[in-house]
Amino acid sequence: MKVTHTYQKYNPKAAYGIIASDFTKVSYVSNKSCKSGELCLCGAGESAIIWKPRTSEKVNIHTFTRDTGSHPISCIKASDISSLDPRVAIGYSDGLVNIFNMNTGDIEAHFRAGRSRVTSMDLKNDLLVCAADSEINVYDIISGSGTRMKGHHGIITQMEILIERKILISSAQDSFIKFWDLKTQHCFATLTGHPGPISESDSLAAHIDKTTSTSNETLTPLSEPQSQVAIQFSGCVQRSGVRRVHCLVFDPTGTYLLCQSFDRNVEIFRLLDEEEKAKRLRKKTKKAKAKGLDLSTVVLEAEDELRPILRINLSAKPASCDILAPRLISEHESQKHLVRIICSLKNNMLEELQLVVPLSPFKLQTLQPTPTYTKKCPNARLLNTVSIFGHRSPIIACNFTSDNLGVFTLSQTEAKLWSRRSTACLATLEWKNHSNSKHNNPDEPSSNNPLPNKASSMVLAPGDRHVVIGYETGQLILFDLTSKSVVQIIDNAHTGAVRSIAVTGDKKKIISGGSDKQVRFYDFSLKTSDNGKPHLFLVESCPSKTVSDQISCLAVSPNNRLVVVALMNFHVDVFFTDSFKRIHSLYGHSAPVTSLDISSDSRLIITGSTDKTVRLWELQFGNCQRRFTSHSEPITCVRFIPHTSLAVSSDKGGQIKQWDIKKFREITTLKGHNGSVTSLATTITNTALLTQKKTPKLEKARKSHARNNQDEGSNDDDMDELWGGLILSTGQDFSIRIWEEADELLILEEEEQIAREQEEEEELVRSEAVIPGAMPSEASEIGPLGRPTGNTRDAADMFMEAMDIYEEEIVKRKNGAKNTTPHPLMVARGTNCPEKFLLKSLMALRAPYSRLGGGGAGLEHALGALTSEHVRRLLPKLADWLSRGWEIELVGRSIRHLVTLHFGLAISCSELRDAIRQSSKARMEQLVRAKNLIGMNLAGLECLARKLEEDQQIDLFDELITTRDKRIKKHKAKQARLMPLLPD
């Protein structure tokens, strides 16, 4: 019998550090607890976050996170800020779309939009449009139905709904801009002549009847709302910037246009109203008349209607922007507009600006916002910022504190200390703000050179109160985490970049290696400062050692006997710590080693290289025990999990692989990062308990502790961490992720089965059902919403099983069987009637929030997976239900879809032809009945509304009369008091 080896699973415990992702747009939102404009929504990895810029805090109302998978958000769109029932639609990189209610946080609908990422999205009222795979999905949230429209031959980059006209405008990389009629769900106009592909960096903004693209054209639809849209070239608007446009955003009133480019500038244009346009036209006519020109040729051009007013210089390149509706204010006897803008910057922060725009014409101004209005910047100020919850540049190193309660991360520009449990930022070190003239080593001459800007490596000193940071310029700086101050600067540590720093096994010294081929040793020492308090200092303990090539990384064995140095010549040299005599030179990698680690028993070395391989070495003899080749991208970091037989490695593709170094095999892959994983750190929470077996006594104590701490206010989770393993990872996407060892077992055979099922589902998403005699999906202009998934396939199988059960129950009842036990599935549906059971099974396919039915696209795709035999048996039953008036909308939708797919079968079978005739007749009858019912209900509601209005008017008049009587009575009483004082 085959022995199944099990491991403990590592589940994601926390993910933080991202304020706003680059590839999602920030937008103002509102909910029932906050006023309009106080909150903003932005994507952060695989979840969406609501920020309150005024207080620079995260609003923990609801977490809009998907419950399956860890794919990042590719597109996000919130409903209008004035909406009474706000929603947010989120599209992911795997094509899934979720619609959340912003007030409750519940998911209202979900469906699979396509095979690849969702590229564009718009949400107006109860209508959602999203694009994936060059196709447009239109989804009605109320009815739970939708359509997939085809027409573009490239990635759709932008979409905009003109809700008043029921028109959709879309642009794509095929250089076409298309206009779609949402009633007929067809394209009625295509705008050609664009000079090139409308790439993702281009944009399209529309408001009512104004359409602007980022090429040299401004598109203006001219027509009445009831007619088709006529498009004509209106003109070009010259920008002050020279970089390409990245995004265009109109404010909700259509007065201001925000133009964001690929530099650090944001330009603001003002769209003139009708009165200003008429005034401008009169001026042009007057000038033309004075010059003797033909007055019939005088028209307003695009630059006359769209006037540039402000050019804002931001602190970093913007990723996306949003603008609130302007508010009219009076200042110095002149009317002005108060405009607020929220900008998501590419350095992982949010900035909110407040602009004061005069209504009278004035010249274009270039402004640099400051926290307050100044003479140089009188019209713009930096209102709020959100920056403390993340780094300004990607994290390059991380580590746990000695008590495992803190996390320390390092980027090129700053370092942060975080709480592991609450994920709160406890301290931030910004060396560019410190002066180095007061904190040099007393034994060394002071340096007046400015502090370096780019950090490269770090290590926490014993006690976790100090940290040593190495820089690209070769300096070592010792920081005090408590006071956030510089304690010591060593200017001449290295002549090149400091590539790695490690603490020795006895915790008494550090070893640094740099690109200058030098290895330096520093002891920790206590010295008394001027104020009499002892401070930790670094003292060089021995002369520097030279190696054969530049150092990429180094490590010290826990027993403090060996120093392992990785060189740029693809070798890994092993030296004695005391004499620095080389004992091994490990070779085998075909590219430089980027990371290495030594096991807790000082017996093994694990190395990772840019040659995409991980190697396991034995320290005693220097031989390579195993070469792992599962990674498809260059390795960035490798680590042992202390006191276990496990190791982890990460690559530039965002994957973290876990290895069994005793069995020499891969265990699992941890996914979550979007982009390269830059650093790893591992630890265990209890070494003694980790190495023991899970005895019944210990397990009983753990369960008892869990029962006693079920209250929400308990933060004592020490017993929940008995089994140790913690993995800390940081990524190029600014994220910090913690993976925790769970009680759940990981069986390799089950993981392989899950991987095969995921591959089958991906293949199912890439394909569609092929039905003999039906029109191929590629040849049709429209199709069912979304794509089939594994859930829709399983739902179709269960529905066919329900049909078989229904027929078996009908046969039993026809044969006169009495007191028979109903089928267990019928009991689960809560009915004993076979027809009700089959109808409820059909209704389960339609539920927008149902995981089994595939969400909003479940009905069509599940019905499309039915066999022809089941369709032949189902259509007559659907026609009978329609005649009875059962679930008219659902049954009619099912009949239409099945007849469309199986048209050849329907016209060739006499039974199905009769069913179609019956359903056609029943449809008209049910429509008339529904019309009469709705008309009567509307008449009743109107009568009730009139009665309520009359009652309210009576109450209003009664209140006014009572108020008047009280005022008269009060006036008479006052006059009575004054009468004795008046002279005769």
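Quick reminder: no glycine exception, Cβ is built from N, Cα and C everywhere.
A TrEMBL annotation is a machine prediction, not a hand-curated record.
Marked as compositional bias 'Polar residues' by TrEMBL: 443-456.
The domain 'Small-subunit processome Utp12' annotation in TrEMBL covers 859-945.
Annotation comment: TrEMBL describes 434-456 (among others) as region 'Disordered'.
Summarising the annotation, TrEMBL assigns region 'Disordered' to 691-718 (among others).
Taken as a whole, the repeat 'WD' (149-190) shows an average pLDDT of 86 in this prediction. Annotation comment: TrEMBL describes 149-190 (among others) as repeat 'WD'.
Using a Cβ-Cβ cut-off under 8 Å and counting only residues 6 or more beyond its ends in the same chain, the repeat 'WD' (491-525) has close neighbours at 444, 447, 449, 456-462, 468, 470-476, 536-542, 544-561, 563, 565, 577, 580. Look at TrEMBL and you will find 491-525 (among others) tagged as repeat 'WD'.
Annotation source TrEMBL lists repeat 'WD' at 586-627 (among others).
Using a Cβ-Cβ cut-off under 8 Å and counting only residues 6 or more beyond its ends in the same chain, the repeat 'WD' (628-669) has close neighbours at 5, 7, 9-10, 591, 594-600, 604, 606-616, 675-684, 687, 690-691, 724-725, 727, 729, 731, 739, 746, 748, 751. Under the heading repeat 'WD', TrEMBL lists 628-669 (among others).
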What does DSSP give as the helix, strand and coil breakdown of the domain 'Small-subunit processome Utp12' (859-945)?
79 helix, 0 strand, 8 coil
Looking only at the repeat 'WD' (149-190), how are its residues distributed among DSSP helix, strand and coil?
0 helix, 25 strand, 17 coil
